[in-house]
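Annotated features in TrEMBL:
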type	residues	note
DOMAIN	35-453	domain 'Major facilitator superfamily (MFS) profile'
TRANSMEM	28-51	transmembrane segment
TRANSMEM	71-89	transmembrane segment
TRANSMEM	101-119	transmembrane segment
TRANSMEM	131-150	transmembrane segment
TRANSMEM	162-181	transmembrane segment
TRANSMEM	187-204	transmembrane segment
TRANSMEM	268-291	transmembrane segment
TRANSMEM	303-323	transmembrane segment
TRANSMEM	330-351	transmembrane segment
TRANSMEM	363-387	transmembrane segment
TRANSMEM	399-419	transmembrane segment
TRANSMEM	431-449	transmembrane segment
Amino acid sequence: MEMPERIEDGFTITDPLLSTGGDTPAPATLAVVFSTLVAVSGSFVFGSAVGFSSPAQNGIIKDLDLSVAEYSIFGSIWTIGAMIGAVMSGKLADLFARRGAMGFSELFCLLGWLAIIFGKNALWLDIGRLLMGYGVGIISYVVPVYIAEITPKNLRGEFTTVNQLMICCGASLMYVVGVIINWRLLAVIGAIPCIIQLLGLFFIPESPRWLAKAGQWKECEASLQRLRGKDANISEEAAEIKEYTETLKKLSEAKITDLFQKKYAHSLIVGVGLMVLQQFGGVNAIAYYASSIFESAGFSGRIGSIAMVVVQIPMQVLGVLLMDKSGRRPLLMVSAAGTCLGCFLVGSSFLLQDLQLWKSSPFLALVGILVFTGSFSLGMGGIPWVIMSEIFPINVKGLAGSLVTVVNWFGSWIVSYSFNFLMLWSSEGTFFIFSAVCGVTVMFVAKLVPETKGRTLEEIQSSMNSFS
């Protein structure tokens, strides 16, 4: 690829052989790796919050003399906080920058954990959980966006998927450790990653794309140079960021109604569609009620839940490794097909149990949930967030990201709230519905979701906006 002869406004030109632009694979520099690790400390907080309520349930109810209804409020109120945080996440990330938004969110998470650690009654626990949910609602948007904006195009998928891996690790740690320690000590462990991220944010660069949007060209160049290495030629990548940002600046400030223009239709359909299908495929129903599902099917809830953890993390790691090799679309379709099969097996288990046709049907339920969990971890868990961080132009990324994140959390609440009622209606019918949604996901990905592997954010967004 021919290098430009002259770049204005302070972007320097060095040896083109070292360029990270074009088709030359860029290395994973120490700065990119460290910045990603600091960012995904927030993802670990997210996972810890998800995994805390299950192992802490018996201890909290006993120590604080709570009713099941009071504990149910504690367990679910964080979703309301997350929806509020998600609504504000895009604006906060644009206003305070990506690092500032992560720090802002972690302050709420830390205050939430402290309220739980020192709480003496249900009110303090609910306040803590609500604050934590608000912080997590912001984290769920800003972390994948920050990682996508700092990583080279050939590594972006793998690095962004680490977000989902750390959510998985946080939840798994809470579940495993929570079996053997007191719930207040478990909350202390949950607070540690908040402190790690708050301290780490002082040592990582701001997103060069946010700096470019803010008109801070010299700072953008310095951030990009730090991320790509002191000897790397950033001229081509910096010029592309600058050109694209200046084009967007000619547009008026985006309003929520602007998202529904024809030029953003493809991006919006893909972003919202993936989140709706992810949630209505039943993931949170299985995550939150796995033990009760196993017990309803006649299997040990404790053994089944541990088996889920054992399957989940290796499959998540495999998904990270395959992300930038196989591409987003193949992984998504394989993952969605696996979740479809998993839900079908669970539904079949309940059907055979009702008809009393097969005495080993509980084992089929275990296999089905493990197939679902492994398949979901492979792609459907993390890739929708990766794609969300890639497809929206920076002038509407805040608004669009907020909308997509709110849709995700609202879908999570709907499925979590309605699941027990659906199970009372028909256990097998519930999982056959989930299976059908997962089947639709395969077709949705095949028809509408673009392949973003190996392309710069500017290339992806330009092609999405020209879709008609």
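Keep in mind that glycine also has a Cβ here, set from the backbone N, Cα and C atoms.
Keep in mind that this is a model prediction, so the values were computed, not measured.
For the transmembrane segment (101-119), the most Cβ-contacting stretch among 28-51, 71-89, 187-204, 363-387, 399-419 is 187-204 (pairs under 8 Å). Segment contact is absent for the transmembrane segment (303-323) and the transmembrane segment (399-419), given fewer than three CB pairs below 8 angstroms at sequence separation of 6 or more. Among the listed stretches 71-89, 162-181, 268-291, 363-387, the one sharing the most Cβ pairs under 8 Å with the transmembrane segment (28-51) is 162-181. Looking at which of 71-89, 187-204, 399-419, 431-449 has the most CB pairs under 8 Å to the transmembrane segment (363-387), the answer is the stretch 431-449.
Long-range Cβ contacts of the transmembrane segment (399-419) within its own chain (Cβ-Cβ under 8 Å, at least 6 residues beyond either end) map to 76, 79-80, 82-83, 86-91, 93, 137, 140-141, 145, 254-256, 258-259, 264, 267-268, 271-272, 275-276, 278-280, 282-285, 288-289, 388-389, 392, 430.
When Cβ-Cβ distances below 8 Å are used as the criterion, the transmembrane segment (431-449) is approached by residues 266, 269-270, 273-274, 277-278, 280-282, 285, 328-329, 332-333, 336-337, 339-341, 343-344, 346-347, 350, 368, 380, 387, 422 of the same chain, each at least six residues removed from its ends. For the domain 'Major facilitator superfamily (MFS) profile' (35-453), the model gives a mean pLDDT of 86. Counting Cβ pairs closer than 8 Å and at least 6 residues apart in sequence, the transmembrane segment (268-291) and the transmembrane segment (330-351) reach three or more and so form a contact.
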